[in-house]
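Each remark here refers to the structure printed beneath this line.
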Amino acid sequence: MKTLQFFFLFCCWKAICCNSCELTNITIAIEKEECRFCISINTTWCAGYCYTRDLVYKDPARPKIQKTCTFKELVYETVRVPGCAHHADSLYTYPVATQCHCGKCDSDSTDCTVRGLGPSYCSFGEMKE
């Protein structure tokens with residue numbers, strides 16, 4: 001019985017501590033309409049699991065906030081997109097997460113949908129590295 005209890009506690013600890021919300025490296029596709037192609041860049045963003053629960057009984061007095069792994073702090077970096085027309089603005093600014101936490105998704109600055117386009121989506125056919 002003690003082995004079963006230890007195993008249960010170990011699984012809880014692993015779920016909470018080991019799969020936490022943390023910075024991770026990702027590759028995103030960036031595009032400028034004036035340039036008509038995409039390039040991929042490496043950046044950091046937040047990924048992982050946050051403890052959350054969904055009650056069976058919906059209490060109107062309790063806020064309905066599901067915590068998600070999101071950025072706590074971020075900076076912006078700028079890259080020049082090659083191959084743009086001379087009159088076009090070839091600079092593209094993108095966010096880089098520097099610190100993560102489990103919190104409410106801010107829909108003013110983040111795509112909080114279940115099925116977003118994804119970081120590698122490119123609306124143009126040509127992708128350059």
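Cβ from N, Cα, C; glycine included.
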Disulphide bridge to C122 as given by Swiss-Prot, partner from C38, C46, C50, C69:
C38
Of C69, C84, C100, C102, which cysteine does Swiss-Prot list as the disulfide partner of C35?
C84
If you follow Swiss-Prot, the disulfide involving C105 connects it to which of the following: C50, C69, C112?
C112
Using a Cβ cut-off under 8 Å and a sequence separation of 6 or more, which residues in the same chain sit near C102 (disulfide bond)?
C21, C50, Y51, K67, T68, C69, T70
Going by C-alpha distance, which of the recorded positions N25, C38, N42, C122 is nearest to C84 (disulfide bond)?
C38
So what sits near C122 (disulfide bond) in its own chain, CB-to-CB under 8 Å and at least six residues off in sequence?
A29, E31, C38
